[in-house]
């Protein structure tokens, strides 16, 4: 438990010392609030830990395979309720308060899970934690996108993803460290790790400012300007960004339509945004990443890894690759752009899934030596999570948080997060049953086919948004200057301003 405790306390120290940092450093700390909140919720006590502690829960509570699927997958389904409610909450209470609400609800659920005397109580705690996660996955990228400058928005918006992955890795490590404890105690200690960061979240919320875009919508332009002065390089830039935000807010106020009516009866511009935003959220999960993360011990056991310690060590390797490559994505996303990373990611994932499916099939038929097959299967899984982390993992959240106009952003992002959670839950709750019906190799063959489709989707529907302000991005989908334009008709010129092709 000391590893995650020291991890979160170190970032608490960063937040405290940020009081006297310069504007650029303060902006980084503003983004760190989401890494603290996100690791506290969906990482430490969910994905990484649950993949290992499900083995101990099964033995302690004597749950069936179907109950395992329900326990793993129900969180994703119920988190969509938090995501959908989070959009309205973020508009009504503000981005900052919604972050605090997400953390509080999750911590309550984590405590219930830790103390659960039965499977039913464990499920109740997991459902509560899922609502908190739903709030969190929706508000984190929206908040960072709204407070970050265009030149570094991709990197900052990716920060929660790297700390999600650090949380997963720490969860895997804690599984291995506590695997020697008695069954009735081990999984409770693993889940209790997620409660540790609550103190750091309180301090973080004392430091971070509210979103300037939300403040403008609330008629608090003076406060918004104060925030912009803290996160920009001077008054001129702050006033320029404030003018853009006020213009976008004025346009939203004059439209006369409610947010959900506009989303349910979208104009051609909004329809293209929805296809891109919801589509990339769906493909992020339907390609099977949660099956790999949650059920990696099951996959490795099917490949031939026999001992429990070897299974948990193999999952640590998965967590390491997943974390290392998200760090690479943060470095590259604002340099090479979103779309090149998506191409590398989706093509690489497709290749790894094909190799994994073929290897598992060959192992099942005794066509390759066991040691070689196990090594290739582990490398294929590590490769898949690495390609996921370098592209579609973080870029999905970056894209869905920046493509929608201000008047729709929080609730459209909430809708995208809900699609993400439904797809994640479907994969998590059906994987064991599907793999029993068509073998694990067959399940990953299906994931490979879907991953190949994601390459086509990226090429056809995802525009490049690198270097553009949130107010400029609407032009990429044909907004602002009429509804007839298509995503391909606008590009960023050498002078870093949008120009329309002749």
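These residue numbers are counts, starting from 1, taken along the chain as shown.
In case you wondered, yes, glycine gets a Cβ from its N, Cα and C as well.
It is 156-173, from the ranges 156-173, 210-227, 228-245, that TrEMBL records as transmembrane segment. TrEMBL lists transmembrane segment at one of the ranges 185-208, 257-280, 281-304, namely 185-208.
When the ranges 376-400, 476-500 are checked against TrEMBL, the one recorded as transmembrane segment is 376-400. Of the two recorded stretches, the transmembrane segment (123-144) lies close to the transmembrane segment (412-432), with three or more CB pairs under 8 Å once pairs fewer than 6 apart in sequence are set aside. With a cut-off of 8 Å between Cβ atoms, the residues of this chain six or more beyond the transmembrane segment (340-364) that come close are 283, 287-288, 299, 302-304, 329, 332-333, 370, 373-374, 376-377, 380-381, 383-384, 386-388, 390-393, 395, 439-442, 444-445, 447-448, 451-452, 454-455, 458-459, 462. The stretch from 99-117, 376-400, 412-432 that makes the most Cβ contacts under 8 Å with the transmembrane segment (311-333) is 376-400.
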